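Q: Marked as GTP binding site by Swiss-Prot: Ser17, Gly20, Lys21, Ser22, Cys23, Ser37, Thr40, Gly67, His123, Lys124, Asp126, Ala154, Arg155. Sequence annotations record features per position, and here Swiss-Prot assigns Mg(2+) binding site to Ser22, Thr40, Asp64 based on similarity to another entry. Swiss-Prot lists Cys211, Cys213 with the feature S-geranylgeranyl cysteine. The phosphoserine annotation in Swiss-Prot covers Ser201. As annotated by Swiss-Prot, cysteine methyl ester applies to Cys213, with the evidence given as similarity to another entry. For 35-43, the entry in Swiss-Prot reads region 'Switch-I'. Summarising the annotation, Swiss-Prot assigns region 'Switch-II' to 67-83.
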Amino acid sequence: MEAIWLYQFRLIVIGDSTVGKSCLIRRFTEGRFAQVSDPTVGVDFFSRLVEIEPGKRIKLQIWDTAGQERFRSITRAYYRNSVGGLLLFDITNRRSFQNVHEWLEETKVHVQPYQIVFVLVGHKCDLDTQRQVTRHEAEKLAAAYGMKYIETSARDAINVEKAFTDLTRDIYELVKRGDITIQEGWEGVKSGFVPNVVHSSEEVVKSERRCLC
């Protein structure tokens, strides 16, 4: 029987508070944008299936982390069991861009001995007239850390699918090459799930959400 999904990838979304992490994830998993969003307390959990090639689906387990300092000790615990992530900054908030280095350094400390595949995301690109960070300097920073760079807008649904799908494809290619392997005791990558019964296509493509506070 064909697996519903080939692999499960655990992803984290990190960045300063108010950069729009929760809005981006909800746009991707639920297809909606909330004008008002309460700050994440601790960690929120979402999931969605992504078809990277015809008939090849990856289940994404996405962890939305709180950006406030008082919750950082909680969110750090989720770094080690993630294989990939989106690192967000707000293009209208230069401080959030300046803090990208701090987020990356913190992640390196807590993921050992593993590594996380990151994509740098300049969020809220619909507010281009208020931009405080140029695309050029963001691309330069991303290149310095070996990351891809993409600009997104949860409000206008710009590049949201692309950000998650591109990251998923990059991880999948690393798994196929053997650069990333399934390891006992590590939740970053899991092998596919085969159900006991055949589900309809409507049942397969679902998003689910759980809040861990």
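Every residue gets a Cβ built from N, Cα and C, even glycine.
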Q: Averaged over the region 'Switch-II' (67-83), what pLDDT does the prediction give?
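A: Summarising the region 'Switch-II' (67-83) by its mean pLDDT gives 66.
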Q: Check the binding-site residues Asp64, Asp126 for other C-beta atoms within 10 angstroms of each C-beta and report the one with the most.
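A: Result for the most crowded candidate: Asp64.
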Q: Just jot down the residues in the same chain as Arg155 (GTP binding site), at least 6 apart in sequence, with C-beta under 8 A of its C-beta; none if empty.
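A: Correct list: Cys23, Phe33, Lys124, Asp126.
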Q: Look up Lys21 (GTP binding site) in the DSSP assignment and report helix, strand or coil.
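A: Assignment for Lys21 (GTP binding site) reads helix.
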Q: How long is the line from the C-alpha of Asp64 (Mg(2+) binding site) to the C-alpha of Ser17 (GTP binding site), rounded to the nearest angstrom?
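A: Here the two Cα atoms are 11 Å apart.
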Q: In the structure shown, which of the binding-site residues Ser17, Ser22 has the fewest other Cβ atoms within 10 Å?
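A: Comparing Cβ neighbours within 10 Å for the binding-site residues Ser17, Ser22, Ser17 has the fewest.
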Q: Fewest other Cβ atoms within 10 Å: which of the binding-site residues Lys21, Cys23, His123 wins that one? Let me know.
A: Cys23
Q: In the three-state scheme derived from DSSP, which category covers Arg155 (GTP binding site)?
A: coil
